[in-house]
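Working notes for the structure below.
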Amino acid sequence: MNKRIVVTGTDTGVGKTVFSAGLAGLLGANYWKPVQAGLEQEIDSECIRRLGGLSSDRIVPELYRLRTPASPHHSAEIDGVRIDTETLGLPDSGERRLVIEGAGGLMVPLTARTLYIDIFERWQLPVVLCARTGLGTINHSLLSIEALRKRQIRILGIAFIGERNAETESAVCEIGRVRWLGRLPWLVPLTNDRLQAAFKDSFVSSDFLNL
């Protein structure tokens with residue numbers, strides 16, 4: 001039985017990491033971000049530990065930790081690092097489920113020749129697409145859905161993040177023919193307790209278990 005889920009987004013800054021923290025907490029899953037670009041501030045795995053309540057042994061180490069906060073291919077070039085995409089194999093998470101977070105959107109380049117979506121196509125894992133609820137998200141979401149379908153990557157569903165926008169959410173799901181998984185509101189302040197409570201109110205765990 002597959003126990004791995006990929007979390008990707010329509011863009012950078014849509015809330016993938018916060019969603020991943022909530023999902024890992026809800027499922028009792030491990031977390032892995034294959035490539036981390038930017039090390040000066042709180043990195044994504046640290047954010048996951050704080051917001052998801054994960055112990056350090058539930059964080060799978062990154063394969064690449066790049067200093068510069070930029071697209072991985074550019075960050076690697078600046079740091080003098082060569083990303084070998086052949087090493088991006090799936091780790092063993094034991095009996096636990098595994099939440100895998102990409103970087104930015106689907107077309108983010110890892111190298112000059114390899115995009116994140118190329119890796120997702122190779123893995124053939126179910127994908128949760130995170131999207132904004134604001135203006136422009138219909139276009140971004142439908143383009144992302146089309147790209148995933150073209151590669152025959154299974155879309156588990158779409159998770160919206162932001163203020164409620166029923167018309168937009170409905171349009172994306174109906175036109176894109178994808179399942180609405182729920183909507184996570186922006187939380188201020190954003191804490192572990194508030195995120196876990198909001199996640200349980202916004203999503204149904206069984207939607208992420210039958211993979």
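The backbone N, Cα and C atoms fix where each Cβ goes, glycine too.
Feature list (source: Swiss-Prot):
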{"type": "BINDING", "residues": "Gly13, Val14, Gly15, Lys16, Thr17, Val18, Glu101, Gly102, Ala103, Gly104, Pro185, Trp186, Leu187, Asn192", "note": "ATP binding site"}
{"type": "BINDING", "residues": "Thr17, Cys47, Glu101", "note": "Mg(2+) binding site"}
{"type": "ACT_SITE", "residues": "Lys33", "note": "active site"}
For Gly15 (ATP binding site), the three-state class that DSSP assigns: coil
Cβ neighbour count within 10 Å of the residue listed as 'active site': 26
Binding-site residues (Cys47, Ala103, Leu187), the one with most neighbouring Cβ atoms at 10 Å: Ala103
8 Å Cβ shell about Thr17, Cys47, Glu101 centroid, Mg(2+) site members excluded: Lys16, Val18, Ser20, Ala21, Tyr31, Lys33, Asp44, Ser45, Ile48
For Pro185 (ATP binding site), the number of other Cβ atoms found within 10 Å of its own Cβ: 14
Span of Gly13, Val14, Gly15, Lys16, Thr17, Val18, Glu101, Gly102, Ala103, Gly104, Pro185, Trp186, Leu187, Asn192 around ATP - largest C-alpha separation, Å: 23
Where the residue listed as 'active site' sits in the secondary structure, as DSSP reduces it to three classes: coil
The residue listed as 'active site' and Gly13 (ATP binding site), Cα-Cα, nearest whole angstrom: 15
Count of other CB atoms lying within 10 Å of the CB belonging to Glu101 (ATP binding site): 25
Among Gly13, Gly15, Thr17, the one of these binding-site residues whose Cβ has the fewest neighbouring Cβ atoms within 10 Å: Gly13
Integer Cα-Cα distance in angstrom, Thr17 (ATP binding site) to the residue listed as 'active site': 10
